[in-house]
Amino acid sequence: MTPEDFYMALKELGFDLSQKQKDQFQRYFELLVEWNEKINLTAITDKDEVFLKHFYDSLAPVLQGHIKNQSIQLLDIGAGAGFPSLPIKILCPNLDVTIIDSLNRRITFLNFLSDELGLSGVHFYHGRAEDFGQDKAFRAQFDIVTARAVARMQVLSELTIPFLKVGGQLIALKAAAADQELVDARNALNVLFAKPILNENYKLPNGDGRNITIIDKKKETPNKYPRRAGIPNKKPL
């Protein structure tokens, strides 16, 4: 998917990018490849592949109507090089975006990237989701939490649901169908007072399969969740 194909595909879906937004995506690509020489950000560095498998892929929640350009709080857990939240931020500049990532080098990249792209309303924190999830400044503060290929739902739910306000949504993006994951996560979601409202398979323009799962938070998360760092992965709910 060339940049021109990318812009045309977005336009056909009702998103006519400004020159500034096009420049932001172009500069994002350049910095991603440049910094990838120094720190491991991605295995995908071919321009057409980045525009398809990172940028277009990240925008699925917006293109499908689940995230709109409004002034709400979005948290991205384990965003790595900023996916999916920073492409979403470029397309929806009114969003307030927070990223938590466990590698400080990636946070350094994200700070530099956001300055270069002229993004405002973005905040980056180094640390573990389990620790931030027990911090009152972060717990139950977000309308949406995104996670792209972070962990299976049984684990991911404990790492993300505590950050949501009641009525907020977890939007999880994956490469494979999530049916079995949701079966395995049934107990975790019950314990966390959360409920799946969407589990949908779709295809990228090149035919690659993808999945989007949306989970609603129904009630306040019990205080003991998330458990200490590492425990959700070792002993899933």
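Backbone N, Cα and C define each Cβ position, glycine as well.
Here Swiss-Prot has GLY78, PHE83, ALA129, GLU130 binding S-adenosyl-L-methionine, and the candidate from ARG139, ARG148 in that same listed site is ARG148. Neighbour list (ARG148 (S-adenosyl-L-methionine binding site), Cβ cut-off 8 Å, at least 6 residues apart, same chain): ASP57, SER58, GLY78, ALA79, PHE83, PRO84, ALA172, LEU173, LYS174. Sequence-distant contacts (6 or more apart, same chain, Cβ under 8 Å) of GLU130 (S-adenosyl-L-methionine binding site) comprise LEU159, PRO226, ARG227, ARG228, ALA229, GLY230, ILE231, PRO232. Take GLY78, PHE83, ALA129, GLU130, ARG148, the residues named in the record as contacts for S-adenosyl-L-methionine: the widest Cα to Cα gap among them comes to 20 Å. Taken residue by residue with DSSP, PHE83 (S-adenosyl-L-methionine binding site) is part of neither helix nor strand, so it is coil.
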